[in-house]
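Student: Pasting the relevant annotations from Swiss-Prot:
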- 1-45: region 'Disordered' (REGION)
- 15-24: compositional bias 'Low complexity' (COMPBIAS)
- 25-36: compositional bias 'Basic and acidic residues' (COMPBIAS)
- 64-343: domain 'Protein kinase' (DOMAIN)
- 70, 71, 72, 73, 74, 75, 76, 77, 78, 93: ATP binding site (BINDING)
- 191: active site, proton acceptor (ACT_SITE)
- 372-558: region 'Disordered' (REGION)
- 401-418: compositional bias 'Basic and acidic residues' (COMPBIAS)
- 432-448: compositional bias 'Basic and acidic residues' (COMPBIAS)
- 473-486: compositional bias 'Low complexity' (COMPBIAS)
- 488-500: compositional bias 'Basic and acidic residues' (COMPBIAS)
- 508-524: compositional bias 'Basic and acidic residues' (COMPBIAS)
- 547-558: compositional bias 'Basic and acidic residues' (COMPBIAS)
């Protein structure tokens with residue numbers, strides 16, 4: 001009687017234990033799945049990402065019907081769907097099953113993507129990791145892709161004008177710059193192309209289909225992806241990536257340059273309907289890059305030349321830098337973004353209303369743009385310092401010249417007291433030399449824009465300073481000479497008044513002078529020297545003047 005309760009109690013305890021575990025002492029699949037979902041929810045609490053079941057997304061896309069297919073990329077297919085719970089229209093990307101990440105690895109990457117938030121990136125709103133299914137849910141962009149508007153426009157739609165194209169390029173560069181410089185860790189796009197740039201109703205671009213790859217060690221443009229699988233699109237992929245799978249941030253810059261060329265030319269990156277030498281857009285454009293006169297021929301014919309020639313030259317220069325063969329020769333996307341900010345500005349008659357001073361991290365971009373337009377490059381700060389120094393030095397030199405002139409005036413006066421005829425000849429020679437020196441310098445020809453930049457920022461600043469110094473010194477010397485000559489005239493008048501007194505004294509001392517002259521005939525040159533008593537060695541004074549003795553004797557006899 002008492003045995004039944006005793007045996008029944010242990011039996012019930014054992015049965016409850018078998019319900020929790022299987023024969024191998026492991027949790028049942030339902031419990032394991034419930035635990036994983038709980039862990040996913042806990043990890044997703046820090047983000048705004050939603051977790052969807054496969055059934056929800058299958059219902060939203062009508063079981064992934066062909067009519068809902070939006071496109072197919074390197075990572076899978078994209079379907080248009082409507083969430084039954086909220087009525088929101090979304091884009092569901094069903095990733096390929098080969099090479100699938102584990103659930104935790106996939107979740108970690110998706111959570112990292114969920115933290116990326118920029119106006120020019122398509123927003124990730126949720127994901128699904130149900131069994132072997134891996135799906136991403138994005139906001140739906142209704143305007144279509146850049147490829148549709150450029151290469152497959154609707155019959156009733158107008159072609160994009162030049163300003164709109166440059167604004168799209170600038171905004172796309174902003175999104176790519178966010179992935180390269182702002183995201184942590186940096187994200188390599190890997191497959192940037194016109195079909196992955198989506199446009200909303202306002203033609204604002206949003207980059208899509210980026211980022212499902214871990215990034216390896218490294219910094220800056222040396223950041224490399226771990227995956228060795230080449231996922232890019234031929235025509236957009238950088239040469240180093242196509243040849244050896246070497247993927248860096250500069251690989252994205254190359255792809256962006258191809259997209260920019262598409263916006264400029266209206267051609268596809270790869271068009272098999274064209275002649276063999278024109279099928280690849282970059283190969284066709286490379287020879288034209290070397291001849292700026294052919295740049296207008298690159299413009300999309302549908303633009304009907306309604307663009308600024310200067311803007312076209314700048315855009316082509318930027319694109320040529322981006323598609324360089326060597327990755328190290330390409331600019332940073334941040335520099336590309338800064339350069340495009342100028343081209344995307346509102347214009348009046350093809351000229352921007354305001355001209356910014358551009359600042360680049362890499363000098364190569366500044367050099368490339370300066371070859372086409374001097375308005376984008378400001379004079380180096382060193383030139384301003386040199387100008388200040390030259391003005392100061394010119395002031396010092398002018399003061400020195402004035403001092404020299406004051407000294408020369410005294411000497412000038414002494415010379416004119418002794419010899420009138422020699423000074424008259426000197427005045428004539430000085431006036432002739434001054435007339436030759438006062439000829440103005442030839443003006444600098446800045447009609448050629450490409451040449452004016454070189455003249456303005458390398459040579460003309462120094463030449464103008466030197467010419468200004470010479471002109472200022474010449475003018476000061478001329479004014480000093482005029483004042484000296486006026487003073488000499490007054491002194492000569494005084495000398496004439498005292499001439500009569502000197503003649504009387506000379507008459508009294510006539511005999512003494514004759515004796516002095518006779519004694520001087522013993523010299524070799526038979527001459528008398530008058531010394532100015534100045535040992536300074538200056539060219540303007542201190543020289544010895546000679547008067548022939550026979551002339552002096554004749555004057556005395558008279």
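Heads up, the Cβ atoms here are built off N, Cα and C, so glycines get one too.
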Student: Compile a sequence-ordered list of residues in the same chain as residue 70 (ATP binding site), six or more apart from it, whose Cβ lies below 8 A from its Cβ; state 'none' when nothing qualifies.
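Tutor: Set apart from residue 70 (ATP binding site) by at least 6 residues yet with Cβ under 8 Å, we have 78, 79, 80, 91.
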Student: Around residue 191 (active site, proton acceptor), how many other C-beta atoms are within 10 angstroms of its C-beta?
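Tutor: A count of 19.
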Student: Would you mind listing, in sequence order, the residues at least six apart from residue 76 (ATP binding site) in the same chain with a Cβ closer than 8 Å to its Cβ?
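Tutor: When sequence neighbours closer than 6 are ignored, residue 76 (ATP binding site) has 93, 94, 95, 96 within Cβ distance under 8 Å.
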Student: Provide, as an integer number of angstrom, the distance between the C-alpha atoms of residue 72 (ATP binding site) and residue 191 (active site, proton acceptor).
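Tutor: With the alpha carbons as reference points, the distance is 13 Å.
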Student: Select one residue from 72, 78: among these binding-site residues, choose the one with the most other Cβ atoms within 10 Å of its Cβ.
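Tutor: Max Cβ neighbours within 10 Å, all protein chains included: 78.
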Student: Tell me whether residue 76 (ATP binding site) sits in a helix, a strand or coil according to DSSP.
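Tutor: Strand, per DSSP.
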